[in-house]
Amino acid sequence: MDVILMLNKRELAYWCVVNDRKLYLLDNAIPLLEKSELTFNTDSARVIGEYLDHPVYWLEANNCLHSDDFYTQRELLGIDQALFDLAGRATQLSHMLHTQSFCSVCGGAAVLADDQFAMVCQQCSNAQYPRVSPCIIVAVRKEDQILLAQHPRHKTGIYTVIAGFVEAGETLEQCVAREVEEETGIQVKNIRYFSSQPWAFPSNIMMAFLADYESGEINPDYEELSDAIWAKAAELPAIAPKGTIARVLIDETLALIKATKHVQNL
């Protein structure tokens, strides 16, 4: 992909303007504007993709934009997934720009390359690419119930599914089993891949799985969780919002439970 393009003043484009991992929003949306309508300098803009036949640009914010107009990407949950992911790409590239500005080999200053999304050392030419941390996320089913957990970091008190970072030398399936047992005391079986989602908080890739209960009683790790429960569809607490892979996993598990009940009733 060409990352630097000549901008046409009359061309409508989406502008992902980033400041401190937050995005510039107009009317709660990523701005779709012509360059001539913009009030800030766009010389450093990089094209990061296309959405609905319009280019999408990443741009670091400058001082002429009011800080009150910047919001976390969570404010965009529920918009079309393709545009949400492009906004995430912009925030991840911004994260790279600000956290990988020195070479990991020789310590020299690194700058953003002109021809790729990488930070290139000005002394030894080593290229550093955006760091992406692999994470698993899993919905566990026990007959007509789903395993849900509450985290202290969720100030709204929502319940979600189990997630965690993959360790070195570990398969994704091993990580699923380990994270579930470490956080809840539950052992699982029939672990199967479901889907994935880039998650720019700050720079993760969420790899989603479904699994079935095998054994054990819930015994939450209170360093990680504030609660863990088995919940039936009719008894769900507040859960992860739409637009998250966690919500997709919850909805899929509830659909599987409903389908199983339907077959049993035939």
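Quick reminder: no glycine exception, Cβ is built from N, Cα and C everywhere.
ARG74 (substrate binding site) counts 10 other C-beta atoms within 10 Å of its own C-beta, drawing on all protein chains shown. Taken residue by residue with DSSP, ARG74 (substrate binding site) is part of a helix. The substrate binding site annotation in Swiss-Prot covers ARG74, TYR129, GLN197, PRO198, TRP199, ALA200, PHE201, PRO202, SER203, ASN204, ALA246.
The annotation Zn(2+) binding site is assigned in Swiss-Prot to CYS103, CYS106, CYS121, CYS124. For CYS124 (Zn(2+) binding site), the same-chain residues lying six or more positions away in sequence with a CB closer than 8 A to its CB are CYS103, VAL105, CYS106, GLY108.
Annotated domain 'Nudix hydrolase' per Swiss-Prot: 130-253, in sequence order.
Under the heading divalent metal cation 1 binding site, Swiss-Prot lists ALA163, GLU183, GLU224. Mapped onto three states, the DSSP output places GLU224 (divalent metal cation 1 binding site) in coil. The Cβ neighbour count for GLU224 (divalent metal cation 1 binding site), using a 10 Å radius over every protein chain in view, is 17.
Under the heading motif 'Nudix box', Swiss-Prot lists 164-185. Within the chain carrying the motif 'Nudix box' (164-185), a Cβ under 8 angstroms from the stretch's Cβ atoms is held by residues 133-136, 138, 140, 147, 149, 191, 193, 207, 209, 211, 216-221, 224-225, 228, all 6 or more beyond its ends.
The local packing around GLU179 (divalent metal cation 2 binding site), expressed as other Cβ atoms within 10 Å of its Cβ over all shown chains, amounts to 22. Secondary structure from DSSP puts GLU179 (divalent metal cation 2 binding site) in a helix. The divalent metal cation 2 binding site feature in Swiss-Prot is assigned to GLU179; the stated evidence is sequence analysis.
Swiss-Prot lists GLU179, GLU183, GLU224 with the feature divalent metal cation 3 binding site.
Reduced to three states, the DSSP call for PHE201 (substrate binding site) is coil.
When the binding-site residues ARG74, GLU183, GLN197 are ranked by how far their Cα is from the Cα of CYS121 (Zn(2+) binding site), GLN197 comes first. Applying DSSP to the domain 'Nudix hydrolase' (130-253) sorts its residues as follows: 25 helix, 53 strand, 46 coil. Excluding GLU179, GLU183, GLU224, which define the divalent metal cation 3 site, the same chain contributes ALA149, ILE162, ALA163, GLY164, VAL180, GLU182, THR184, ASP221, LEU225 within 8 Å (Cβ to the Cβ centroid), listed in sequence order.
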